[in-house]
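A.B. asks: Take a look at this one; I'll ask things after.
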Amino acid sequence: MFNLILWPLFLLTSVAIPLQLTLEVVYLTSSVDFSKASAAKTATSLGQSPVVITIYKSLLKYWSLYEFIHFIYLYTPIDAFLNFLPFTSLLMSFGSICLTRELVYDFIAFMESQNKLTGFLNKITEPNFNSYLLFSSIYNIWFADDTNDKFLFGKLTQILISVTKRYEFPRTFYLAKVSDFLQNLILTRLRPFVTEQPQGDKNRYQNGDRESTKNGAAYQKSSQQSSSFEQNFTSTEFPNDYDFMEDILDETTELD
């Protein structure tokens, strides 16, 4: 009976709301007509919007963690062990709520950077804004037509933002910590397979070195000439402070 109550809450916080935020971000950031916008203006706008990069990274980390837990972790013996522990569903629901709140906070920061929050949403944090005004405002949002609504899901997204801004909790960063931990763990496990060279490849390379001993001097001479040519070419044509992207942007601006 307890799981029947927590399971819808877990689906809402772990799937429905993150999917809603993901589609909202894609919808709001796809309003730029890239066929008409120049490359210089597009790159400049992206470079001046670090909050956009932050929300994309947060969504990528969340869905990567979701895939890892539901399609890799749940098929291991650890899942069978957790089924015998009490309050496992409660802990999973609490964890999904914490991670989803972090996504909502990043989405609110993204909306504030884009200046797309309405006047109602900006008044949520005022001291005289009580719970009665909150629910009455939610009622007005749901049943009143808003011509300035820019959200894909409309009033559902406005209600989600308004409730989150009204009942704020201390900001946490569990999503970034868990994602970095799993990334380091996976890289640590994969590093021996990448750095280790098979014995067959070692023997093959050793035999190849013996056969190419006669041509070693000629190859070394040609490689030295090639290296000197690359150094001279790099020093004359491409200095150390050369930025290829800035060159492209300058040429694109001149064409515009």
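Cβ coordinates come from backbone N, Cα and C, glycine included.
Swiss-Prot lists these features:
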- 1-16: signal peptide (SIGNAL)
- 17-67: topological domain 'Lumenal' (TOPO_DOM)
- 68-88: transmembrane segment (TRANSMEM)
- 89-256: topological domain 'Cytoplasmic' (TOPO_DOM)
- 197-243: region 'Disordered' (REGION)
- 199-213: compositional bias 'Basic and acidic residues' (COMPBIAS)
- 222-238: compositional bias 'Low complexity' (COMPBIAS)
- 242-245: motif 'ATG8-binding' (MOTIF)
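Each of the listed features needs to be described in terms of its position in the shown structure.
C.D. replies: Across all of the topological domain 'Lumenal' (17-67), the predicted model scores a mean pLDDT of 73.
When Cβ-Cβ distances below 8 Å are used as the criterion, the transmembrane segment (68-88) is approached by residues 182 of the same chain, each at least six residues removed from its ends.
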A.B. asks: Against which stretches of its own chain does the signal peptide (1-16) lie, if we need a Cβ under 8 Å and a gap of at least six residues from its ends?
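C.D. replies: Answer is 66, 89-90, 92-93, 96-97, 99-100.
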